[in-house]
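What follows is a short report on a single structure.
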Amino acid sequence: MTLWRIGYSARLLKTNRFRTAASNTSFPAVWMLLAQYSGRVPGLFVVVKKNNFFTMPETVEDKANLELYLPHPEVRGMTQLNREAFKRTVVVPVLKVKKEIVNTLLKSIKHMILQRPGLKRVVEDPEDEDSRLVILDPHKISEFSLGESDQEVLKQLNVHPEVSKYNLELTYENFKSEEILRAVLPEGQEVTSGFSRVGHIAHLNLRDHQLPYRHLIGQVIIDKNPGITCVVNKTNIIDSTYRNFQMEVLAGESNLVTKVKENNITYELDFSKVYWNPRLSTEHGRIVELLKPGDVLFDVFAGIGPFAIPAAKKKCCVFANDLNPESYSWLLHNCKLNKVGHKIKAFNMDGRDFLLGPVREELSRELPLLKEEQKTSFHIVMNLPALAIEFLDVFRHLLAGEPCSTAGLPTVHCYSFSKHDDPAKDVRERAEASLGTSLDGRCSTYLVRNVAPNKEMLCISFQIPAEVLYKRPCPDGAIPASKRVCSSRDFSEAKVELKKS
Ligand SMILES: C[S@@+](CC[C@H](N)C(=O)[O-])C[C@H]1O[C@@H](n2cnc3c(N)ncnc32)[C@H](O)[C@@H]1O
């Protein structure tokens, strides 16, 4: 039986530890030892004409295949990242080829080449400086021998279809973040390498069992995602008035002022102080798409301006409001940044006051001037899904006493969460209760996104019914108009009044 050994593996046999074991052992057993020991020593050994010599025990091959995706087992439980500890050596198939034809060969055998992050496809041949070793994927080379069609391709390129085994050293750089985290975190527990990205910030929402590893998780995310230099974890649920959440910086710089691009518009913001959700970009775009130049947009809960700024860019006239003074100042900043300051009036007040004040004033000034043939539309966006429906009662009697104009009844786009079996029905019914009228056949509901299992975010859109907007308040002057609940009788009276006017 002949055996060629090339490189470090051959030298291994000379070490004391191996000499003792090998001298008392049959050949296959030596190979087992080599394979086991090869976990530490890179090198190449040839097993050509496999049938003439021997086959590597299948268990070793299977193990090697798996090990391609498993960092060294010692890393389990690590809480401080030690990149060196991830190293391991695996046995992979290689093709030995003359260096002049490497590029041509690579194109023809792309499908067989081992792909790992940061891994070189071609390495020096330690035995022959005119040759190179092309690293193949053991999953594609069954039992370390080439299929007929692959052999044919190699023959055409004048390459001897001979597969050798090579001890490949994998390092931290060659593993994906999920593989790294799966190797570190307790076995059988959920591993997440998912995050939302806001500029240079990765934002995580870790589970309790992941918390002891949070700094390591943060560092792995920075290492594996170019452009991310700060990782934060949410430390409370998003229940603050301003819809931002407390966060802990897990790794990287503690700079939370960042720049994002959404639908081709750039925004700057302090992620620790204002609301920003990259998952809303499609929804922002959808609403802005409904607007035409010259339309008027009232954005009641505007944040830093993702509806307001693109609408102003589209030459709409925009009134944007947010109660959070930080959102308000970033909104002003972004208006300047995008050169739309002249198209946006910004406010820093409660949404209810904004509707009862600037919105009411603007509508009562502009609506009576509208002619039927005029194309201007008025839109009111209310993106505060946890609460916005409760603000809809403000529209009752908002323009009571004003000359009634049905030409430009404003369209409301109001957001809400729902955990109901029929979320559209649920949102419509709650909107109806708040407005005090039926929206049957007069509204549309749009499913924006699934927020959590069994929790949807929806947008209900409707033109404010004239009988809601223009109806006179109930004859109960003691209760403020925006707080009062009227009976359905009041609304049928309002309809009659409207018909008369
Ligand atoms: C869900 S965020 C939406 C922000 C922005 N429209 C967007 O789509 O990204 C809701 C915003 O409403 C603001 N807000 C919360 N309560 C408010 C209130 N009572 N009046 C006005 N703004 C309020 C928060 O500060 C936050 O910026």
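Note that Cβ sites are derived from N, Cα and C of the backbone, with glycine treated the same way.
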Can you match one of Asn233, Asn255, Asn383 to the S-adenosyl-L-methionine site that TrEMBL gives for His284, Asp322, Leu323, Asp350, Gly351?
-> Asn383
Fewest neighbouring Cβ atoms within 10 Å among the binding-site residues Asp322, Asp350 goes to Asp350
Within 10 Å of the Cβ of His284 (S-adenosyl-L-methionine binding site), how many other Cβ atoms can be counted across all chains shown?
-> 23
